[in-house]
Amino acid sequence: MLNNNDIWSKVPPILCYCCASILMTVVNKFVVSGAHFSMNFLLLCIQSTVCVVCVATVKKFGIISFRSFDMQDAKAWFPISFLLVTVIYTGSKSLQFLSIPVYTIFKNLTIILIAYGEVIWFGGRVTALTFVSFIFMVISSMIAAWSDVSSGLSGSVPATIAGAVRGLNVGYFWMLVNCLTSAAYVLAMRKRIKVTGFSDWDSMFYNNLLSIPVLAIFSIVVEDWGLENLGRNFPAETRSFLLTAIAFSGAAAVGISYTTAWCVRTTSSTTYSMVGALNKLPVAASGMLFFGDAVTFGSVSAVGVGFFAGIVYAVAKNNQKKTEGRLQADAIIPLASRKP
């Protein structure tokens, strides 16, 4: 039985994880929602640089530890970092065109892709209850898309309908690419971690460090670095605040990694997955609160169904873990029962 002190000791890491997750999503949405913002690669390069500086600083104070830079490890990990660049870039482009509730709900589809990827490449298993949660995830995404299109077109004059539809189509394209690359990143990283033996902090350090040159090159080659475009992306009246927000979002990435490890260590992976499912509700609500995302029956229903799907998924994974644990225990033959 847990006493009150044990219960209350688990509250801070859970709250910190939720706050870090909400802050990161809201700040990223704020940065990319500028009327003329187009320098996503530069944004991500700054975030990764801040992240590496923060992690190195925290390591220097002895709060965390991870292995020092090694060229062989870097070569082995570079494909994973490149995949991460595509994940973060497509995610930022999705947020640029889609509302936070829609983005949050559609991220659930990545779980389905990862689950069946694990079935194909790692001998994973999808239980009946897990499949039910997947059905609800798909339904919530369909409701979100319907609500998003309806609210985007309602009240639009005929001349602007084509532009609204085009913007939504671009947003859903980036969301699809983001789901595919996110699943590929997670599955490839799982395989690579077994080869390199990386810890969570090792992965974070190498991911961000190796992504900096890639992002910098893409930014220089693809993006317009002319003074006029820089002025549009970083207006003089909001430049300081915008750069501070970008730096803060990079630090928030470190916060999410730390609070994730803290939450899993002080509670359990099951509690963490449940918190992640429940946290989708305040993340979606933050978009409605801070960015004026449409609060309609469809949008609220989509968030509710997605919220329920997350809970069902967390329960399904918990049950599956317990079942697999029992099967492993049953497979162990006691020494006293073995025949000579």
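Heads up, residue numbers simply count up from 1 along the chain you see.
For all residues, glycine too, the Cβ spot is worked out from N, Cα and C.
Per Swiss-Prot, Val32 and Lys322 occupy opposite sides of the membrane [differing topological domain names]. Under DSSP, residues within the topological domain 'Cytoplasmic' (189-202) fall into helix, strand and coil as 11 helix, 0 strand, 3 coil.
Scored on C-beta pairs under 8 angstroms, the neighbour of the transmembrane segment (37-57) with the top count among 7-27, 168-188, 203-223, 241-261, 295-315 is 203-223. Distant neighbours of the transmembrane segment (241-261): 13, 16-17, 20-21, 23-24, 27-28, 30-31, 34, 43, 46-51, 54-55, 58, 64, 200-201, 204, 208, 234-235, 272; these residues of the same chain sit at least 6 beyond its ends, with a Cβ under 8 Å from one of its Cβ atoms.
Proximity of distant same-chain residues to the transmembrane segment (126-146), defined by a Cβ-Cβ separation under 8 Å and at least 6 residues beyond the stretch ends, is recorded for 101-102, 105-106, 108-109, 111-112, 115-116, 119, 172, 298-299, 301-303, 305-306, 308-310, 312-313, 315-317, 319-320. Helix, strand and coil counts from DSSP across the topological domain 'Lumenal' (224-240) read 9 helix, 0 strand, 8 coil.
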